[in-house]
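> I'd like to ask you about the structure that follows.
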Amino acid sequence: MLEIVIITGMSGAGKSLAIRAFEDMGFFCIDNLPPQFLPKIAELASATKEKISRIAAVVDIRGGELFDDFKDVLQELKKDDRNFKLLFLDAHDEVLIKRYKETRRKHPLSHEGDGSILEAIQKEREKLEDIKRYADFVIDTSTLLPKDLKEKLFEIFVQQKSKEAMLITIMSFGFKYGLPLDADLVFDVRFIPNPFYVDTLKYKTGKDPEVKEYVLKWDVTKEFLQKLFDLILFLIPNYAEEGKGQLVIAIGCTGGKHRSVTVAEELKKTIENQGYKVSIFHRDIEKDIKG
């Protein structure tokens, strides 16, 4: 059966890197495809003598007015029961601005409004808001290096396919550095007593045994973890049955170094003990400690 991956998302979030990664994975790749051509591409691929089994196409706002029909095309593909996945790449506004300044490229919507990069990014985000809701996979590239993005795509579209299982990612983060854009579920653990205020623990992380012991010794932590484990283990099979291919669970504390790290590690162990494959990412663990 023909497999189609449609790549979209914010300009500057890494779509060009992504399409090159798909080419390396053996996909037939098309960049800047008007959405109206998607159903036709699927028909042509099925009719070719040299069988094309996997297609990756970038569809984004460079298509101008043609892009306005993207949502209708996605609905048509779903209605026709086409085997496609929608990948949405995102990044925080300040990261996108920095990338544009470094490359000195113009944003596709820079001709609208006052011409500022920020306004163009905000307009694009509004245009893509509905499209993002259709995404099977959302990746926040704000903190990813090109090789990290390539590895993540390989994990989703090659390794995961062989396992036929949901890709589960647990992320710890600090609220002071912003919410992760690609999280499906966010849990706030700032109610747990903070090791930061213990002099001997301040400069350690939630991976250190002393910090783990401190975080896990409280009754409120024990009760929360049991409720969290029950909820997540209930949700995973139900999400999988619904066809969800990716689940990103974010655990947040103030700075992302102590409580969230410990809780994320405990959650990973519990899910893995049920036979699921889990990856973990401590987004802010290397950030400077400032309280």
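Cβ from N, Cα, C; glycine included.
Feature list, courtesy of Swiss-Prot:
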BINDING   Gly9, Met10, Ser11, Gly12, Ala13, Gly14, Lys15, Ser16  ATP binding site
BINDING   Asp60, Ile61, Arg62, Gly63  GTP binding site
> Once Asp60, Ile61, Arg62, Gly63 are set aside, which residues in the chain still have Cβ within 8 Å of the Cβ centroid of the GTP site?
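Apart from Asp60, Ile61, Arg62, Gly63, the close residues are Ser11, Asn32, Val59, Gly64, Phe67, Pro108.
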> Does DSSP give Ser11 (ATP binding site) helix, strand or coil?
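Ser11 (ATP binding site) sits in coil per DSSP, no helix or strand.
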> Cα distance, Asp60 (GTP binding site) to Gly9 (ATP binding site), nearest Å?
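Taking the Cα atoms only, Gly9 (ATP binding site) lies 7 Å from Asp60 (GTP binding site).
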> When you average the Cβ positions of Gly9, Met10, Ser11, Gly12, Ala13, Gly14, Lys15, Ser16 for the ATP site, which other residues in that chain have a Cβ within 8 Å of that mean position?
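Sorted by sequence, the hits are Asp60, Leu89, Ala91, Leu96, Thr141.
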> What subset of the binding-site residues Asp60, Ile61, Arg62, Gly63 lies within 10 angstroms of Ser11 (ATP binding site) at the C-alpha level?
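Cα filter at 10 Å returns Asp60, Ile61, Arg62.
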> If you measure from the C-alpha of Met10 (ATP binding site), which of the binding-site residues Ile61, Arg62, Gly63 fall inside 10 Å?
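The binding-site residues passing the 10 Å Cα test are Ile61.
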> Taking the Cα atoms as reference points, how far is Ala13 (ATP binding site) from Gly63 (GTP binding site) in Å?
17
> Quick one: give me the count of other CB atoms within 10 A of the CB of Ile61 (GTP binding site).
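A 10 Å sphere around the Cβ of Ile61 (GTP binding site) contains 22 other Cβ atoms.
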> Determine, to the nearest whole angstrom, how far the Cα atom of Gly14 (ATP binding site) is from the Cα atom of Ile61 (GTP binding site).
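Checking the Cα atoms of Gly14 (ATP binding site) and Ile61 (GTP binding site) gives a distance of 14 Å.
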> Measure from the CA atom of Ser16 (ATP binding site) to the CA atom of Gly63 (GTP binding site) and give the result in Å, rounded to a whole number.
15
> What residues, ordered by sequence, lie under 8 A Cβ-to-Cβ from Gly12 (ATP binding site) and sit at least six positions away in the same chain?
Ala91, Val95, Leu96, Arg99, Tyr100, His107, Ile121
> Report the member of Gly9, Gly14 (the binding-site residues) whose C-beta atom has the most other C-beta atoms within 10 angstroms.
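The residue with the densest Cβ neighbourhood is Gly9.
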